[in-house]
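Peer 1: Provided herewith is a single structure, encoded as structure tokens, for subsequent inquiry.
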Amino acid sequence: MRRNSDETRPQLADETVDQAVQAARAGRLHELEHRLMLLTGPLGEQEVNRALLTALLGAVQRCWSQGWQPAELARCARRDHSARHAKLMGDAIAAEMRAHAAATTDHRWQAQISDLGATVWWKHDDLYLSEWAERESLPRLTAIVTVIEALCLLASLPPIEQIIPPPGAPSSPVAAADLDQRTLGKVRALLAKAESTDFPEEAEACTAKAQELMARHRIDHALLTAKSGRRDRPASLRVAVDSPYEAPKTLLLQVVAEANSCRAVWTKRFGFSTLIGFPTDLDATEILFTSLLVQATRAMTHERSSARSFRQSFLTAYASRIGERLKAAVQEVTPSADLLPVLAARDDEVRSEVDKQFPQLTHRTTTVSNRAGWLSGRAAADRAALHGRHEVTNT
């Protein structure tokens, strides 16, 4: 096809990148090879560098507008491809952040950027890919293919619930009502003790006490909110659930969430669960889940068997027993009769928010196939009756 005389190499490079992504997503390998030949040859190194980075920035910005957060994009890149792809994603995130002032960026968003270590380290955008390939000791073709793979991944991500407003967007209407620092300090100290002790009874006592503290705080907060006339609203939080053994890890998160008046919905494809509840309850759930997962992993690795079926059953049993312990701890904290309608109304609001975000929610079960693993998991969580199947909510 004859090109217009005013069409430049940068325009051709932009078009070729787009065509390469389309060919890769459609599985048209011969066309992809042809586009890659153009990108590594006659279109010009700096023009191609610029086109690839521009495409990445546009794709990142689109994903941000559709609910995805920086840490989630980097994690998807690592989960679906490699650590190298995650580093590339971090660079694209850093480059896109140049367009946004810190004053227009949510503090949680800024924290994720900081945790990723995302910075603009290259000299000029026209040199980025060349410098990145040298930094990673990659042939130029491999570097280009890595970018194309990242672009295909970003193009495949669907819209999800916007939990943190992206840079430049209005702040979230949900107030951040965190656990007060005194309670948080006590909870963290108890959980740290539970994680470090070699005595199951002490770990159980510390964990139960932490849950009791959080339950009391939840009731006190609900009472103060009701008396002041302020209106809290349910919020959301996404928690990474990494392989292996995602199903029992998700079950553990679910029982912790339920003990703290939250709901957990697992999105298996992207390796995360969405927590829905009131802000203080979300804080409590995340803190306790993280600690219990550390304890469960430590107990599991001390067992003699490393078979997958054993560990899957072990973690499922552990989660089941933890659910019973947490439920018992919550029942120790009895709210006053006049507060029961307030707590019931809050539960109804959480259920309504779950229905709103996940109108086509389905359920799945985790199946135990290794009796020794199940019994060991129950013992590690301190003895309870045997049950074989438990529901995990997922999308």
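Using the three backbone atoms N, Cα and C, a Cβ is placed for every residue, glycine included.
These came from TrEMBL, pasted as-is:
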| type | residues | note |
| --- | --- | --- |
| DOMAIN | 183-221 | domain 'DUF2786' |
| DOMAIN | 250-351 | domain 'DUF7168' |
Peer 1: By DSSP, what is the split of the domain 'DUF7168' (250-351) into helix, strand and coil residues?
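Peer 2: The breakdown for the domain 'DUF7168' (250-351) reads 75 helix, 11 strand, 16 coil.
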Peer 1: Restricting attention to the domain 'DUF2786' (183-221), give the mean pLDDT.
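Peer 2: It averages 72.
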